[in-house]
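Engineer: Take this structure first; my questions come after.
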Amino acid sequence: MQKRIKGIIFDLDGIITDTAKFHYEAWKQIIAPYGMKLTSEINEKIKGLDRKNTLLKILEVFNYQKLSVQQIDQLCFKKNELYKTLIASITPNDILPGIKPFLEESKNQKILLAIASSSKNAPIILKRLQIFDVFNYLVDPSTVKKGKPAPDIYLAAANGLKLNADECIGLEDASAGIIGLNAANIFSVGINPNDDYVRKNSRYFLESTNDLDLNKVIKAYQTSF
């Protein structure tokens, strides 16, 4: 008997909707007064990281060592407030192509669904997209010991669905996410044509969310054993 997928774990930013552009704009505005200019290349390096580790990575890239721990915390707070203002305009029309039918087909096949996002704003975004109730479990990133690229958040998602890691697959668009999924022994589906690491290290790779086909993903998962 072939093994079946019992759970699907989703990243939020870049998979369900494109909130990455709002993160990018918020960080850009927050660090500009300190003489740091965020580029799209640097932005690729910080995708998937939680708020504090994102700022620490930015400071590392610019070799900026003038901020105290308190200032770092203040900047993280300011960034989040700005980000929440920016995402206020999100509607169900901002769900990425192919995601809604993929969610519907997964539910039809009795597959459990979870969100494993580094963002503490995930519940707000899902409610604005009107798909909050579609998911069986949302990991609270504040309860996870180590953020991405550690496997903790994905193992927490599988545990929340009451499933073993190898009974799940995970969808990610960032290298940090693929590293974490692979470390968790969860079948990784990578979706990002602009990230070579994602392309080369995902167990199954797609160019776009619009290419998602549950039956093809199931087949790839089953042939991996």
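A Cβ is built for glycine as well, from the same backbone N, Cα and C atoms used for every other residue.
Since we're looking at a predicted model, the values are computed, not measured.
Checked TrEMBL, it gives:
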- Asp11: active site, nucleophile (ACT_SITE)
- Asp13: active site, proton donor/acceptor (ACT_SITE)
- Asp11, Asp13, Glu172, Asp173: Mg(2+) binding site (BINDING)
- 11-13, Trp27, 46-51, Lys79, 117-121, Lys148: substrate binding site (BINDING)
Engineer: Select the most exposed residue of Asp11, Asp13, Glu172, Asp173, where exposure means the fewest other Cβ atoms within 10 Å, treating these as the recorded positions.
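Structural biologist: Least crowded of the recorded positions Asp11, Asp13, Glu172, Asp173, by Cβ count within 10 Å, is Asp13.
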Engineer: In whole Å, how far is Asp11 (active site, nucleophile) from Ser118 (substrate binding site) when you measure between their Cα atoms?
Structural biologist: 8
Engineer: Nearest to Glu172 (Mg(2+) binding site) by Cα distance: which of the recorded positions Asp11, Asp13, Trp27, Gly48, Asn121 is it?
Structural biologist: Asp11
Engineer: Using a Cβ cut-off under 8 Å and a sequence separation of 6 or more, which residues in the same chain sit near Arg51 (substrate binding site)?
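Structural biologist: Residues satisfying the criterion: Cys76, Lys79, Asn80, Ser118, Lys120.
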Engineer: When you average the Cβ positions of Asp11, Asp13, Glu172, Asp173 for the Mg(2+) site, which other residues in that chain have a Cβ within 8 Å of that mean position?
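Structural biologist: In sequence order, the nearby non-listed residues are Phe10, Leu12, Gly14, Ile15, Lys47, Gly48, Ser117, Leu171, Ala174, Gly177, Ile191, Asn192.
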Engineer: Under 8 Å Cβ-Cβ from Trp27 (substrate binding site), six or more apart in the same chain: what's there?
Structural biologist: Leu38, Asn43, Ile46, Thr54, Leu55, Ile58, Lys79
Engineer: With an 8 Å cut-off on Cβ-Cβ distance and a minimum sequence separation of at least 6, pull the same-chain contacts of Gly48 (substrate binding site), or say none.
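Structural biologist: Those within reach of Gly48 (substrate binding site), by Cβ under 8 Å and sequence separation of 6 or more, are Asp11, Asp13, Ser118, Lys148, Pro149, Glu172, Asp173, Ala174, Ser175, Ala176, Gly177.
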Engineer: Taking every protein chain in this structure into account, which of the binding-site residues Ser118, Asn121 has the most other Cβ atoms within 10 Å of its Cβ?
Structural biologist: Ser118
